[in-house]
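Right, one structure below, let's go through it.
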Amino acid sequence: MLKLKNNKTFITEVIFLGFQTSKEISIFVFLLLLTVYLLTLFGNLLIILLVYNSNSLHTPMYFFLTQLSLSDIMLTTDIAPNLLYILLHKGTSMPLTNCILQQFIFVVMECSECLLLTVMSYDRYLAICKPLQYMSIMNNLFCMHLIIISWSLSICCMMVGAITIACLNFCGPNIIDHFFCDYLQLLSLSCSDTFWILLEMILNSIPFLFLPFLIVIISYSYVIFTILKIPSNAGKQKAFSTCSSHLMVVCIFYVTLIVIYDLPANEQSLTIRKLASLFYTMGTPLINPIIYSLRNRDIKFAFAKLKKWFW
């Protein structure tokens with residue numbers, strides 16, 4: 001849809017192309033992703049319920065895990081409904097304001113997850129490297145402050161970007177070759193100067209991507225060094241088991257982001273970026289609760305207790 005303003009034509013909606021596949025494949029992928037989405041909701045809500053109901057899980061690590069699950073639920077819910085609609089109808093349109101809102105929620109969840117994973121890395125560093133000081137440092141008030149700061153920074157900083165984008169003029173074309181409102185493709189539709197927005201995006205990557213990644217690397221360097229100094233193999237295995245799940249999630253998170261944002265701009269890389277984005281928005285929110293539950297005795301025990309209430 002087009003709007004005339006000051007003798008210039010501006011777009012008011014965008015069209016998503018999604019994945020160009022046959023009807024049979026689209027229906028199969030639709031059913032697969034619908035199942036993944038429902039399992040994601042179930043798995044992450046179950047994590048939150050288990051931590052809330054089990055006193056043994058009322059620790060900083062599991063408190064941060066509930067926030068990660070909440071972020072995963074909001075991320076996949078922001079993307080999944082529109083993606084499923086695209087698969088059924090081989091593309092769809094969306095008002096430009098809704099597109100900007102979707103993109104805002106996406107980057108907020110992306111940034112908050114990055115900060116939450118960093119906080120969890122710091123938590124594992126204290127638990128393994130400074131066990132005697134752990135409880136005095138990671139008290140309830142400090143944990144709450146970390147969570148509030150993570151969410152507040154993500155929302156406030158990304159809101160500035162969303163407001164700036166909303167003030168741009170979009171002259172078209174109005175086609176986005178993706179299944180959600182991708183940041184760079186949205187900016188490519190604008191006929192306004194986007195230099196300062198791109199600069200803002202680069203500057204935001206420092207506190208929300210590079211600095212957290214550096215903190216994660218430093219934290220786990222100390223953790224690995226401390227574990228290697230433990231004399232017994234049983235002690236090493238026990239210490240490593242407390243952080244192995246989180247380390248796996250961190251690796252999946254950053255490898256996926258590298259694929260999404262660092263590939264060169266060409267047709268082949270666009271397809272790879274779409275698949276990586278699909279894995280990030282639909283796959284990782286499902287994988288995270290699986291990794292934490294399968295490799296965690298406390299979660300398994302809490303789940304066994306919960307089952308007794310129903311059976």
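Along the chain as shown, residues are numbered 1 onward.
Yeah, the Cβs are placed from backbone N, Cα and C, and that goes for glycine too.
Feature list (source: TrEMBL):
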type     : residues : note
TRANSMEM : 27-52    : transmembrane segment
DOMAIN   : 43-292   : domain 'G-protein coupled receptors family 1 profile'
TRANSMEM : 100-122  : transmembrane segment
TRANSMEM : 142-171  : transmembrane segment
TRANSMEM : 209-228  : transmembrane segment
TRANSMEM : 240-263  : transmembrane segment
TRANSMEM : 275-294  : transmembrane segment
Interface-richest range of 100-122, 240-263, 275-294 toward the transmembrane segment (27-52), CB pairs under 8 Å: 275-294
For the transmembrane segment (142-171), sequence-distant contacts whose Cβ falls under 8 Å of one of its Cβ atoms, 6 or more beyond its ends: 8-11, 60, 63-64, 67, 96-97, 100-101, 103-104, 107-109, 111-112, 115-116, 119, 186-187, 189-192, 194, 196-197, 200-201, 204, 207-208
Average model confidence [pLDDT] within the domain 'G-protein coupled receptors family 1 profile' (43-292): 90
